[in-house]
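**Q** Following this message is one structure expressed as structure tokens.
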Ligand SMILES: Cc1cc2nc3c(=O)[nH]c(=O)nc-3n(C[C@H](O)[C@H](O)[C@H](O)COP(=O)(O)OP(=O)(O)OC[C@H]3O[C@@H](n4cnc5c(N)ncnc54)[C@H](O)[C@@H]3O)c2cc1C
């Protein structure tokens, strides 16, 4: 793959998606890379079904719907998405920068905007699920419809596990939650909701085995519990919601100033390295507040300043979008 763009955005969370819209608004071509297979960052991975109440203009918006709107808003400028790809190496290249992705592909960009949030998410593994990822086991649920009519086993005891249980309950044939401790970490109110819906909650229990049918598809899950006989549950899907670890990983070696897993920026969102900017959760400065709303503002600031850096004749103030036909 050979790709050359004005701006490479590293991270397709809310900040990166809004930056993609904004780059198009400023006449820049852009690509967005994300190691996750879906856009939306933390919102998609951790709380797509939760309502968000503090995004300007939306008294309440479901995470999934906010991401959909951001993708739609950016789509008018046709960003190139490189999803399921990790940005690994940053080096000087000709009139700009080269970013090498996992697998060796290189994207050439005149500027790079790092919107990597809390870093690359790595789901905590379900030992019994080894080899089942993509064959019936998932770590998060991009589309509820895919589980319509299925027997689903959700593994975990935190908020995310219960969010999936509540979201899947109306569409799935059955939902069972398996948690290896007696007590849940999730908020009391969502645990109560699940109990009231009659969801089967197996505690002090572990998923010991996933079984396939003659065609190789997931069909059953074996659950072992303390002082009890193993239970065999029908299952066409397992959601392993055991949480994520997050790590800036390769970005730590990009020659940026990193403090407490965040990149130091100035008031233009520029980092210590020329033509490299950062915005959103990953960007740090005194008084920083990590919110979606903050990321949107920082994305606009970063892209407007990038536009001027790439074309010193350009105005920093972009004009009002409401004046654009
Ligand atoms: C449970 C929960 C509830 C929340 N509720 C709210 C709320 O109500 N209101 C609010 O404002 N905020 C809320 N937040 C915080 C909000 O989600 C974050 O502030 C927001 O997601 C930050 O967006 P971002 O785009 O900067 O980063 P992220 O959403 O973290 O996205 C960064 C993306 O970069 C990708 N990435 C990282 N490194 C690489 C790499 N090397 N190569 C490729 N891709 C990479 C990651 O895979 C990720 O998709 C909540 C967070 C959580 C966990």
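Just so it is clear, glycine is given a Cβ too, placed from its N, Cα and C backbone atoms.
On a predicted model such as this, the values are computed, not experimentally measured, just so you know.
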**Q** Which residue of 121, 162, 184 does TrEMBL report at the same FAD site as 15, 34, 42, 47, 87, 281, 322?
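**A** Given 15, 34, 42, 47, 87, 281, 322 bind FAD in TrEMBL, the matching entry from 121, 162, 184 is 121.
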**Q** Quick one: of 15, 42, 322, which of the binding-site residues has the smallest count of other CB atoms within 10 A?
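**A** Among the binding-site residues 15, 42, 322, the lowest count of other Cβ atoms within 10 Å belongs to 322.
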**Q** Of 47, 281, 322, which binding-site residues come close to ligand 1, meaning Cβ under 6 Å from one of its atoms?
**A** 47, 281
**Q** Measure between the Cα atoms of every pair in 15, 34, 42, 47, 87, 121, 281, 322, the residues the record assigns to FAD, and report the largest value in Å, rounded to a whole number.
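**A** Those residues reach a largest Cα separation of 37 Å.
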